[in-house]
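I have placed the structure first, in the form of structure tokens, so that the comments after it can refer back to it.
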Amino acid sequence: MWSLLLCGLSIALPLSVTADGCKDIFMKNEILSASQPFAFNCTFPPITSGEVSVTWYKNSSKIPVSKIIQSRIHQDETWILFLPMEWGDSGVYQCVIKGRDSCHRIHVNLTVFEKHWCDTSIGGLPNLSDEYKQILHLGKDDSLTCHLHFPKSCVLGPIKWYKDCNEIKGERFTVLETRLLVSNVSAEDRGNYACQAILTHSGKQYEVLNGITVSITERAGYGGSVPKIIYPKNHSIEVQLGTTLIVDCNVTDTKDNTNLRCWRVNNTLVDDYYDESKRIREGVETHVSFREHNLYTVNITFLEVKMEDYGLPFMCHAGVSTAYIILQLPAPDFRAYLIGGLIALVAVAVSVVYIYNIFKIDIVLWYRSAFHSTETIVDGKLYDAYVLYPKPHKESQRHAVDALVLNILPEVLERQCGYKLFIFGRDEFPGQAVANVIDENVKLCRRLIVIVVPESLGFGLLKNLSEEQIAVYSALIQDGMKVILIELEKIEDYTVMPESIQYIKQKHGAIRWHGDFTEQSQCMKTKFWKTVRYHMPPRRCRPFPPVQLLQHTPCYRTAGPELGSRRKKCTLTTG
């Protein structure tokens, strides 16, 4: 928006509403020189700070200005761009700003004429866009500003400065971006200056030349006015290491000021301090004109924040006013770490529980095999399990039950795993009352194994004090014994089973036999036997040497009031 600072007259219009419902904000008069590029940005904070649409029109035409970039006059985002200005471009242009519920309009009155900075006989220098009055302060270090503001589609080359038609050279003059720094201003520095640059747009080049009339004054300022830095406010900014950061320095100052606005670090201009790496650069100054003051913005860009930048004050200077920012690492977000840790912990816990549920039986059996002792458990019990089984009426079921109970169970649990079982019909004492024998031996067992078949009346001792009733009553009521329920075949309906069996099924579940009474089914490492062993008391399995199955001769006991008074005689012979 370099044209905003040219010698134009801003005439404020009373806020009025036209027939189309748009409010007129103000009119801007611009006196321009032909044959030069010109751009005007339609901006009016805070109206244009939100989501709005901007459309340019010429005079009262209802046809918008073209947005085709090849057109000499076209709209570029919020700008209207002339490449270049011509004599016939004079007139009033309208910028319509439409928001969701609002409509505002800015008028720009352009006057184009031919004007030369130097005598035309010299040649070589193009026509000026206009003159702008600036002031240097005698005996001080001061600066002149070349107001060249165009949209991002325009690329400006290096700026050259002239005084009285001669290029400026010397140690007292330094070109910094769009500014000419003048050290130790003297009376000879007054005169006519010009700044020249090459503008490139869509592959075409144009020359831009601004004329500046410079006067010298001994006053320190204008009415004692001091620039006001709105932002930054001497504060810290949290920024992650390695990120890109852009910070604006916003300054309000009088329209006729000549204050230098820049960023410094360690009392050195940022561009000079990082001249080699160019990692941190100062941006081009822009400004917005208001009725009584200008709002200037000059930013600093960190292409990549490094550790050396933290804790270092980056100073924004505007005349005698200064303000700084200090970069610092963001404080650790403990809440994020805590939430992440909890999520990870829950995920691990769920995974462990899931894996344990899948491999629970193998894990428990491995632990018992690795760490449990093979010594006899001293708990007053003689047997690891009491085996309770039915007496089916069907011959096939009776044969299957006998094979499982009298052959396979002893082979796997007793011989391979070292458990000691009490099997009614194999280990009872002849001549003793059934109820007493069962009641006494159930109390000497650590587990109760109940084998069921679909034939609910298959239990031959279901009447009165039957074996099943005594064993289940003792296991569930008196001793709190753990019960292992084995289904010889799939049982569809447990409601026809005795209530005690229904209770066991509901409380402990059931293990279904999948074997076929072959040698393969007699391996303790099959899934069925692993499940049975999991429910049995802990014991380290130690395989016995391969011997023939033993024929068990019933043991004779003499019952007494004390367990220690019992005597047992056993005769074991090989079959």
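Glycine is no exception: its Cβ is also placed from the backbone N, Cα and C atoms.
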Just to confirm what the record says: which one of ASN109, ASN464 has N-linked glycosylation site annotated in Swiss-Prot? ASN109
Have a look at Swiss-Prot and say which candidate in CYS146, CYS154, CYS249 forms the disulphide with CYS195. CYS146
Which one, CYS7, CYS22, CYS95, is listed by Swiss-Prot as the other cysteine in the disulfide with CYS42? CYS95
Among CYS249, CYS417, which cysteine does Swiss-Prot link to CYS316 through a disulfide? CYS249
Over the topological domain 'Extracellular' (20-335), what does the predicted model average in pLDDT? 84
Per-residue Cβ crowding (10 Å cut-off), top of glycosylation sites ASN184, ASN299: ASN299
Rank the glycosylation sites ASN41, ASN59, ASN234, ASN250, ASN266 by the number of other Cβ atoms within 10 Å of each Cβ and report the first-ranked residue. ASN41
Compared by Cα position, which of the glycosylation sites ASN41, ASN109, ASN250, ASN266, ASN299 is the closest one to ASN59 (N-linked glycosylation site)? ASN109
Whole-number answer please: how many Å between the C-alpha atoms of ASN41 (N-linked glycosylation site) and ASN109 (N-linked glycosylation site)? 14
Shortest C-alpha distance to ASN109 (N-linked glycosylation site) - which of the glycosylation sites ASN184, ASN234, ASN266, ASN299: ASN299
Considering Cα atoms only, can you say which of ASN184, ASN234, ASN250, ASN266 is the nearest neighbour of ASN299 (N-linked glycosylation site) among these glycosylation sites? ASN250
